[in-house]
Structure formats: structure tokens, C-alpha cells
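Asks: First the structure, then my questions, so here it is.
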Amino acid sequence: MSVKYKRILLKLSGEALMGNDPFGINRDTIMEIVGQVKEIADMGVQVGVVVGGGNIFRGVSAQAGSMDRATADYMGMMATVMNALALKDAFESLGQPARVQSALSMQQIAETYARPKAIQYLEEGKVVIFAAGTGNPFFTTDTAAALRGAEMNCDIMLKATNVDGVYTADPKKDPAATRYQTITFDEAIIKNLKVMDATAFALCRERKLNIVVFGIAKEGALKRVVTGEDEGTLVHI
Ligand code: UDP
């Protein structure tokens, strides 16, 4: 089966790792996701992953209370590093080589982000997990995904969510809502559809990095996306 995208940037939210648990990392869920990624890596797709931290800590959340926002955001970035280490461990347990590169230096546990090295790993077929977001407070991991996706010259950004695409309305509230197969960046703006946060969306648009929004909980969804089947929503220039 031929692949449509040779190099992808997969954005996994922290919540994607929780499964049905209220917080943290669910082992079965992470193994399921990693299995899907290995399947496409085995097909020759080069995979970069940006993982969120919302399953552990979010700088803007109620958990942070009245904390200084920047401090809370650094805690959020550290949460993404925990998820990245769990992902690396899960990949390696399946025999898939993986590396973690962190935007914040923590040399005892992860390499510090270095673009040429990351590209080299991708070319060698290693999954590269980008941790600690952009390394800056006041940003999100969606923006980190757009940034790394652009820097790695990825063919596509895949945003894994708990809904299987972009809908005309919230499908949980409106049973008549339908999924867009494709939509342009401009249409998404006009229709006020939330694809990613505004900074991430603007960066993808400016760099002409198309996005597929899809639901990773659906079996085989990731493979269907990279082989160009009708799965999720393609947001394009
Ligand atoms: N964060 C940050 N800068 C970044 C990326 C993330 O400060 O470049 C912090 C921020 O507090 C955020 C938290 O890390 O709330 C976790 O990331 P995010 O909310 O994007 O995770 P997700 O929703 O994808 O699980």
C-alpha cells in the first residue's frame, strides 16, 4: 500500500494518553497508539511526535489556581516531558527505535532539541518525540507541533483528537452535524471552526503545512490517514 505522506508530525494531546482514566497515562491506551504509529513507521513513514501534557498539568487550568502563569506553564512543559518518556518507553517495548528531544535542557533524561540531529533520526527511521513544547511559556503544544512540523519540513501535520474530524457543529451537541472531508484554511476561518489554537493555525497556514484532524481512538485510523483514505478532515491551503 503506498503512502501519501512521507514525513509526518503527529500531535498527540495529553488526554489521548488517559484512555478512560481521569488523569495520567493509561498503559493499554498508550500501547494502542504506539502500535498504530509503529505500523506506519514500518511502512516507511518518518514520524515526529509532539505530545501535550493536559493529562498531568496545564498552565491555564484551574489546577494552577492563582499561580504565576509562566511558572505554571513551565510545570505544564515538564508534564509533556513525562508523557514523552512514557511514549519512548512504549515504542521501545515494541522494538521501534525512538528518541526524545526536549525544548528545555534536561540532559540526564533527554537530549536537548537540535534540528539537524532530529532530521537525521527521522531519516534513520527513528520516531522523534519532541518534548517540552516550544520551551516558552504562554504557548501550547499545538503551536509546538506547528513549529516542529515546519522545521522538520513535514508533508503534513496530523492532529489526533477525540472527535474524528472537523464538523459543521459540535457533534456531541448537534446530531445533525456533519464531518468535512476537506476544508481550506480560509473556509475554516470564515466559518469560525476551531482546528487548532490561533497561533498554531496561523503558523501552519503561513508555512503551507496542511493539517489532518482525526480520531486516533478509532482502530487503524492513522494508517488510513497516511494512505490517503477518507479519514478525518484535511485542512488545506
Ligand atoms: N506549555 C507551554 N509552552 C509550550 C507548550 C506547552 O507553556 O510551548 C505548557 C502550558 O502550560 C500547557 C501545558 O504545557 O497548558 C501542556 O500543554 P497543552 O495544554 O498544549 O497540552 P494538551 O492540551 O495537548 O494535552
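Placement of Cβ uses the backbone N, Cα and C atoms for every residue, glycine included.
Annotations in TrEMBL come from automatic prediction, not curation.
Okay, these came from TrEMBL:
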type	residues	note
DOMAIN	6-214	domain 'Aspartate/glutamate/uridylate kinase'
BINDING	Lys11, Leu12, Ser13, Gly14, Gly54, Arg58, Thr161, Asn162, Tyr167, Asp170	ATP binding site
BINDING	Gly53, Asp73, Thr134, Gly135, Asn136, Pro137, Phe138, Phe139, Thr140, Thr141	UMP binding site
Asks: Are any of the binding-site residues Lys11, Thr161, Tyr167 near ligand 1, with a Cβ under 6 Å from it, and if so which?
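Replies: Listed by sequence, the hits amount to none.
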Asks: List the Cα distance (Å, whole number) between Gly53 (UMP binding site) and Tyr167 (ATP binding site).
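Replies: Distance between the two Cα atoms comes out at 25 Å.
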Asks: For Thr134 (UMP binding site), which residues of its chain lie six or more apart in sequence with Cβ-Cβ distance below 8 Å?
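Replies: In sequence order, Ala103, Thr143, Ala144, Leu147 meet the Cβ cut-off.
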Asks: Among the binding-site residues listed here (Lys11, Ser13, Gly54, Thr161), which has the Cα closest to the Cα of Phe138 (UMP binding site)?
Replies: Gly54
Asks: Record lists Lys11, Leu12, Ser13, Gly14, Gly54, Arg58, Thr161, Asn162, Tyr167, Asp170 as binding ATP; longest Cα-Cα distance in Å?
Replies: 26
Asks: Which is it, of Phe138, Tyr167: the one of these binding-site residues whose Cβ has the most other Cβ atoms within 10 Å?
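Replies: It comes out as Tyr167.
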Asks: Thr140 (UMP binding site) has how many other Cβ neighbours within 10 Å of its own Cβ?
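Replies: I get 25 for this one.
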Asks: Among the binding-site residues Ser13, Asn136, Thr161, whose Cβ has the fewest other Cβ atoms within 10 Å?
Replies: Asn136
Asks: Count the Cβ atoms, other than its own, that fall within 10 Å of the Cβ of Gly54 (ATP binding site), considering every protein chain shown.
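Replies: A 10 Å sphere around the Cβ of Gly54 (ATP binding site) contains 21 other Cβ atoms.
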Asks: What is the separation, in Å, between the Cα atoms of Tyr167 (ATP binding site) and Thr140 (UMP binding site)?
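Replies: One finds 23 Å between the Cα atoms of these residues.
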Asks: In sequence order, what residues of the same chain, 6+ apart, have a Cβ less than 8 Å from the Cβ of Lys11 (ATP binding site)?
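Replies: Once residues fewer than 6 apart are set aside, Lys11 (ATP binding site) is near Val49, Val50, Gly52, Thr141, Asp142, Ala145, Met157, Leu158, Lys159, Ala160, Met196.
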Asks: Applying a 10 Å Cβ distance cut-off over all chains shown, what neighbour count does Gly53 (UMP binding site) have?
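Replies: Gly53 (UMP binding site) is surrounded by 27 other Cβ atoms within 10 Å.
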